[in-house]
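Participant: Got a structure for you, written out below as structure tokens; questions coming shortly.
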Amino acid sequence: MNLTEKSQKYLWLPFTQMKDYDQDPLIIESGKGIKVKDIHGKEYYDAFSSVWLNVHGHRKEELDHAIKAQLDKIAHSTLLGMTNVPATELAEKLVHIAPKSLTRVFYSDSGAEAVEIAVKMAYQYWQNIGQTKKQKFISVKNGYHGDTIGAVSVGAIDIFHQVYGPLMFEGFKTPVPNVYRHPSEDPSVCRDECIANLETLLEHYHEEIAGLTIESMVQGAGGMVVMPEGFLSRVRELCTKYDVLMIIDEVATGFGRTGKMFACEHEGVEPDLMAAGKGITGGYLPIAITYTSEKIYEAFYDDYTKLKTFFHGHSYTGNQLGCAVALANLDLFERDQIVAQVDEKSTRLHELFEEIRALPHVGDVRQLGFMCGIELVSDKATKEPFPFESRVAYKATLKMRELGLLTRPTGDVVVFMPPLVSSKEELREMVHIMKQAIDLVTKEEEERIAAAK
Ligand SMILES: *Cc1c(COP(=O)(O)O)cnc(C)c1O
């Protein structure tokens, strides 16, 4: 059996209809810089940073070295009741780069766990301080926070989450300010409407609400929806006013992705809890974190017999190899001024998108830093989507693959999240490939639909 046949016989891939995989199998063997290579030697731009992770490109010497050096000491020991050297050093660095309100770091292995931990901490916080009625959560419609049941319960993407309905805990949903889909198309009108909605909800129910979960500035999996200016800071004000903990999810947006170290800095927002992951190790190893304020930490700090301990942990929490590479990643952020670079290059990227914006089936191109989405529509004037069965964005990404670029869509939105070190020339080439593929596939789809009528 060759490798492809083995993959088809033994594997079950995440977020993948295996029937699709069987038609278009792909096995990556190596990577260098912002490209990856498959087992047949074909090269691809890693235009989605291997699912939103990669920062400095693949096989970055300093990161490779950090792992090798750590291996000469120890690969892993537990964080239950004790700590280790890189996890401790990393915690200090992480607190220094975070918004001022956040003073403690709790480790885990994935973004979903980091959110799950934030939700459990917020819940237990109110229990520990005796406000036991505060048990529910508000989350934002179309939000995505990962795939474990707790994270799914505060998520709201119907197509992923509906089937698990009966397994989830109940909560409140508040609308997301999607300017492109708002009848007014006016950012402030759209924002104020959503804020008014949220305030009504808080007015009525704040006594039973523990926390509010929200992605920071951009809804990622929900379609790369960039929130209008002032939205996140107004949500912060409302959380404070109604005594609800604000849990910000920076798993996708953190570590420079949007042109700030954390996206909430765009609005000077200081959350009570914050989840981060993805870019934290430069895309090398599974480390995630939940930041908390000192107020929350203190509510758990007491004699053991009071049972205020946070009873949560994972086998690999605080893994040394992961923390060592995260430290090296943060050193590179500083040395290479990664955040400033993204901010600078994203202006160029905005110009490059001009040729994509002009295409007849591109309804909207949304971008904050290097976090971008291209929404495909059947009719640009009416914003009518392509039929669900068309899978037009999926087909466009298959065409991109043929042309030497990898990404994955979310719904009808083609995701573009290149590694943060991508040069202007590389950005230009990637945008050009996407343009060609989108143009070809949407025209084919248009013809196919016309022929079927
Ligand atoms: C990817 C993502 C998660 C989940 O992270 P995993 O590491 O895949 O579990 C959570 N929230 C957001 C906003 C994400 O983009």
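All residue numbers here begin at 1 and follow the chain in the order shown.
Cβ atoms are placed via backbone N, Cα and C, with glycine included.
Unlike curated entries, TrEMBL annotations are predicted automatically.
Residues or ranges marked as pyridoxal 5'-phosphate binding site in TrEMBL: GLY111, ALA112, ASP249, HIS314, SER315. Positions annotated as substrate binding site by TrEMBL: TYR144, LYS278, GLY313, ARG408. According to TrEMBL, the feature N6-(pyridoxal phosphate)lysine maps to LYS278.
Describe each of these features in terms of where it is and what it packs against.
Facilitator: Using a 10 Å radius centred on the Cβ of HIS314 (pyridoxal 5'-phosphate binding site) and all shown protein chains, the other Cβ atoms total 17.
In this structure, TYR144 (substrate binding site) belongs to neither helix nor strand by DSSP; it is coil.
The Cβ of LYS278 (substrate binding site) lies under 8 Å from the Cβ of TRP52, LEU53, GLY111, VAL251, ALA252, GLY254, PHE255, ARG257, each of these being in the same chain and 6 or more residues away along the sequence.
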Participant: Where does ASP249 (pyridoxal 5'-phosphate binding site) sit in the DSSP three-state scheme?
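Facilitator: It is in a strand.
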Participant: Pick the one among the binding-site residues GLY111, ALA112, SER315, ARG408 whose Cβ has the fewest other Cβ atoms within 10 Å in this structure.
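Facilitator: Each of the binding-site residues GLY111, ALA112, SER315, ARG408 was scored; lowest Cβ tally within 10 Å is SER315.
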Participant: List the binding-site residues HIS314, SER315, ARG408 whose Cβ sits under 6 Å from any atom of ligand 1, in sequence order.
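Facilitator: Checked binding-site residues vs ligand 1; nothing flagged, none.
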Participant: What Cα-Cα separation, expressed in whole Å, is found between GLY313 (substrate binding site) and ALA112 (pyridoxal 5'-phosphate binding site)?
Facilitator: 13
Participant: What is the Cβ neighbour count of ASP249 (pyridoxal 5'-phosphate binding site) at a 10 Å cut-off, with all protein chains included?
Facilitator: 33
Participant: Quick one: Cα separation, SER315 (pyridoxal 5'-phosphate binding site) versus TYR144 (substrate binding site), in Å?
Facilitator: 25
Participant: Could you give the Cα-Cα distance between HIS314 (pyridoxal 5'-phosphate binding site) and TYR144 (substrate binding site), in whole Å?
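Facilitator: Given the Cα positions, HIS314 (pyridoxal 5'-phosphate binding site) is 22 Å from TYR144 (substrate binding site).
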